[in-house]
Amino acid sequence: MEKGNWSSPVAGFILLGLSAHPKLEKMFFVLILLMYLVILLGNGVLILVTVLDSRLHTPMYFFLGNLSFLDICYTTSSVPLFLDGFLNPRKTISFSACAVQMFLSFAMAGTECVLLGMMAFDRYVAICNPLRYPVVMSKAAYVPMAASSWAIGGTASVVHTSLTIQLPFCGDNVINHFTCEILAVLKLACADISINVISMGVTNVIFLGAPVLFISISYVFIIVTILRIPSAEGRRKAFSTCSAHFTVVVIFYGTLLFMYGKPKSKDSLGADKQDLSDKLIPLFYGLVIPMLNPIIYSLRNKDVKAAMRNLVERLTFQCIH
């Protein structure tokens with residue numbers, strides 16, 4: 001077989017998922033299905049209220065609508081594969097479907113990293129430079145900011161997916177994961193993957209290191225500004241405008257750091273537990289966080305709660321009449 005040829009003797013990949021833990025599969029099928037429905041409902045409602053309620057036509061809620069749409073896309077790129085794998089005894093996926101799934105999941109994750117940084121900048125301007133906020137965060141600014149987040153995430157995903165699918169795959173075609181996670185697929189390549197590893201390292205710096213540093217600096221200035229506000233009520237109101245975003249950032253990046261920073265087990269029994277945790281933690285990252293986002297933003301935001309009440313009242317009135 002010629003090196004770099006996408007034509008491979010392997011017709012597709014086999015996804016192990018929880019095959020080694022059959023008792024967990026039925027339980028996880030129901031749990032993941034319920035979580036997915038909550039994600040669709042919660043984020044769908046958030047998108048709806050940010051579009052329909054004119055009071056929410058601001059940069060912050062525009063970014064929030066993008067985040068909700070991104071969470072729906074991210075989970076939809078993987079959850080159907082999860083569910084099918086739990087029901088299908090032979091969990092196979094074609095090369096083309098694997099490539100599409102890799103592209104979508106990587107693009108959505110990269111976009112969210114950049115988008116959270118954009119949202120941090122929006123909160124920095126709103127609290128530290130409130131008088132200039134309408135000028136700095138005009139529609140001509142925040143729409144391109146959101147669009148660039150999608151473009152950067154998509155471009156990075158195209159690069160990594162292209163580099164991966166050009167590798168030759170021969171021999172073992174079993175992916176020890178729920179989905180075509182790009183690092184799990186790279187382990188199956190029978191060729192030098194040093195370029196892939198280097199490019200992944202550069203991408204981690206761009207999408208993890210740079211946003212975390214930018215968000216951290218932004219919140220240092222935000223906290224300093226809030227502490228300078230003389231009244232306790234003023235400090236509370238200022239903090240409430242960024243508390244939801246700060247909570248989402250801590251959960252999002254905290255999970256990523258835990259995923260990639262935890263030590264590896266050396267004994268065989270511990271390795272089995274490590275293998276299970278390596279699958280379940282990304283599951284938390286891919287499902288629990290998108291499910292929590294609309295809950296966090298609706299519970300901590302009076303404007304969103306008011307918009308949701310108005311939407312429910314409007315729908316109720318239309319149903320009655």
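For all residues, glycine too, the Cβ spot is worked out from N, Cα and C.
The stretch that TrEMBL tags with transmembrane segment, taken from the ranges 122-140, 141-159, is 141-159. Here the transmembrane segment (103-121) sits apart from the transmembrane segment (27-49); fewer than 3 CB pairs are under 8 Å, leaving out pairs fewer than 6 apart in sequence.
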